[in-house]
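Participant: Submitted below is the structure of interest, expressed as structure tokens.
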Amino acid sequence: GNHTLLTEFVLSGLSSHPELQHLLFFTICLVYSMTLIGNLLICMATVHPALHMPMYFFLRVLSLLDISTATVVVPKMLVNLLSEDRSISYLGCVTQLYCVVFLAATEWYLLAAMAYDRYVAVCSPLRYSAIMSTRACLSLVLLSCCSGQVVSVVQTTWVFTLSLCGPRRINYFFCDIPPLLRLSCMDTSLYERQLISATVLVIFTPFCLILLSYICIISSILKISSAESRHKTFSTCSSHLTVVTLYCASGTLIYLQPKSSNSQDAKKILALIYTTVIPTLNPLIYSLRNKEVKEVLIRVM
């Protein structure tokens, strides 16, 4: 039949209950503020001369990515919670999807680079400075960004080459691949399989590399004779492993079943955790479990 091509979309938001809008606004505003403050403090702390190490350089980049991810999603969500007009232009939706995918993919590859850094530090401590030079660290960050760029361009392009038609309402609080697929007028089974393949490429490939790194790390830790040294080494690595677990759990549950209608509300909660809560937790996870970061943060504050 005839279909009207969409020039704008309407985001349904987190909840359809008007009485919850103000409560959600203040709660999410508080969480977003904590995200900005916490990650900016991490950025300031890791610039300190006492923390001029590759691990803290990667942590600073991770904090910048977390700030960017939250900023791409949260301000528009906050405006929609207090506004009757929840529309977003076609170009705005394309831009938001591109940024979300780019930042998420880049963050995953960066987490793999951080795992490699911990592997070299634990398994080859004498060669650590030579292997993880400034040039090597910058190259790993640049490679993560380039990989994220490729994934984002491909995913955004194929989503918006679909024939998207009415209704223009997106049952989500930002433009993401699964809810956009539900607006397509054509069979999307091929695209869903591509999305699953992309999920495996972006999430499970780095996760397998991270897992392999930690198998080697744990094997080396068990060979350390001093219990205090074992505890210190494992504590440093466990912060990173906690963050990886949080990202992996939420990311896979969101993208492995893109058109599952029964779990749409659950996916909203998972997406909120992925884009808002985890960026808030990252500074807490890394600062509370790292004595050096805590000491520098106290000086900075």
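Quick reminder: no glycine exception, Cβ is built from N, Cα and C everywhere.
Here's the feature list from TrEMBL:
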TRANSMEM  20-45  transmembrane segment
DOMAIN    38-286  domain 'G-protein coupled receptors family 1 profile'
TRANSMEM  57-75  transmembrane segment
TRANSMEM  95-116  transmembrane segment
TRANSMEM  137-160  transmembrane segment
TRANSMEM  196-222  transmembrane segment
TRANSMEM  234-257  transmembrane segment
TRANSMEM  269-288  transmembrane segment
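I'm curious about the neighbourhood of these features; can you describe it?
Facilitator: Residues 14, 51, 59-60, 63-64, 66-67, 70, 74-75, 77-78, 81-82, 276-277, 279-280, 282-284, 286-287, 293, 296-297, 300-301 of the same chain, all 6+ positions outside the transmembrane segment (20-45), place their C-beta atoms under 8 angstroms from a C-beta of that stretch.
Here the domain 'G-protein coupled receptors family 1 profile' (38-286) has a mean pLDDT of 85 out of 100.
Within its own chain, the transmembrane segment (57-75) is flanked in space by residues 28, 32, 35-36, 39-40, 42-43, 46-47, 96, 99-100, 103-104, 106-107, 110-111, 113-114, 117, 137, 140-141, 173-174, 275-276, 278-280, 282-283, 286, 293, which lie at least six positions past its ends and keep a Cβ under 8 Å from the stretch.
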Participant: Which sequence-distant residues neighbour the transmembrane segment (95-116)? Criterion: at least 6 residues beyond either end, Cβ under 8 Å.
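Facilitator: Sequence-distant neighbours of the transmembrane segment (95-116): 55, 58-59, 61-62, 65-66, 68-69, 72-73, 76, 88, 140-141, 143-145, 147-149, 151-153, 155-156, 159, 174-177, 180, 202-203, 206-207, 209-210, 213-214, 240, 243-244, 247, 251, 274-275.
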